[in-house]
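For reference, the structure is listed below as structure tokens.
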């Protein structure tokens, strides 16, 4: 038993070195992308913004069917027609992911009309842009239900069948604010941190589930109407991401079976800095970069 444990202690660091080298090689050499021609994709919040761009990207890359969920029928109709004109079968369903029973009922309707969903993209989110003291007590549960609990419910609705088929992928469009919160968006930051923990736990839980994987995407501020008015101090140094870029990189991450994607890549430095710098230094970074007050000019869509 002792020799077995000693052997494991020797093998483990060698395993780590191998995996790091393998990942480094993967950054240099082009990897084979997953074929999407047999995949049925469901995107929550699919009517506009990043959701609409995701639908376009999946269609361009050959997804078999695309299903859109959202609360605004006009936007869903427009996106559905656009995807159909691209030659991809597309359907939309009115569904508030913050309503548990509505999620389960709509998921059943999707299975009956479209078939099994093999790629679920949890993209729907809301932001109120208020500090704790200014926030509406009735609005706070809404952000938690849509941004966090909605992912619990959609995943519970579709994951069991993915496990049966041994084919599935759960995607979470999160935010870098899950790792580094800002004042003035306390409800959004809290819900995104919860969603990040949910996906981290889910990803580890799927390790022994063949054919089923998960991807968490953490983008920087994206230029959509949802965060309209948000400003940082040096916009040329920290420009907002384009939704097309976020969508393209997200679908690529799915095709590469990448568990975690930070956008842009410089956001990896954020994790390192938070691990080594004292709190006072981190506070100065927030003030210097303008993230401390960036939400003051917020006038986006809630």
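Glycine too: its Cβ is placed from the backbone N, Cα and C atoms.
Here Swiss-Prot flags 9-29 (among others) as transmembrane segment, drawing on sequence analysis.
Taken from Swiss-Prot, the feature transmembrane segment applies to 170-190 (among others).
Residues or ranges marked as substrate binding site by Swiss-Prot: 175. Within 10 Å of the Cβ of residue 175 (substrate binding site) there are 26 other Cβ atoms, across all protein chains.
A simple way to gauge crowding: the CB of residue 188 (active site, proton acceptor) has 26 other CB atoms within 10 angstroms, across all the protein chains here. Sequence annotations record features per position, and here Swiss-Prot assigns active site, proton acceptor to 188.
Residues or ranges marked as transmembrane segment in Swiss-Prot: 195-215 (among others). Beyond the ends of the transmembrane segment (195-215), by six or more residues, the same chain brings 122, 147-148, 151-152, 155, 159, 162-163, 165-172, 174, 178-179, 250, 253-254, 257-261 to within a C-beta distance below 8 angstroms of the stretch.
Per Swiss-Prot, transmembrane segment is recorded for 253-273 (among others), and the stated evidence type is sequence analysis.
A coil conformation is recorded for residue 175 (substrate binding site) in the three-state DSSP classification, outside any helix or strand. A Cα-Cα distance of 9 Å separates residue 175 (substrate binding site) from residue 188 (active site, proton acceptor).
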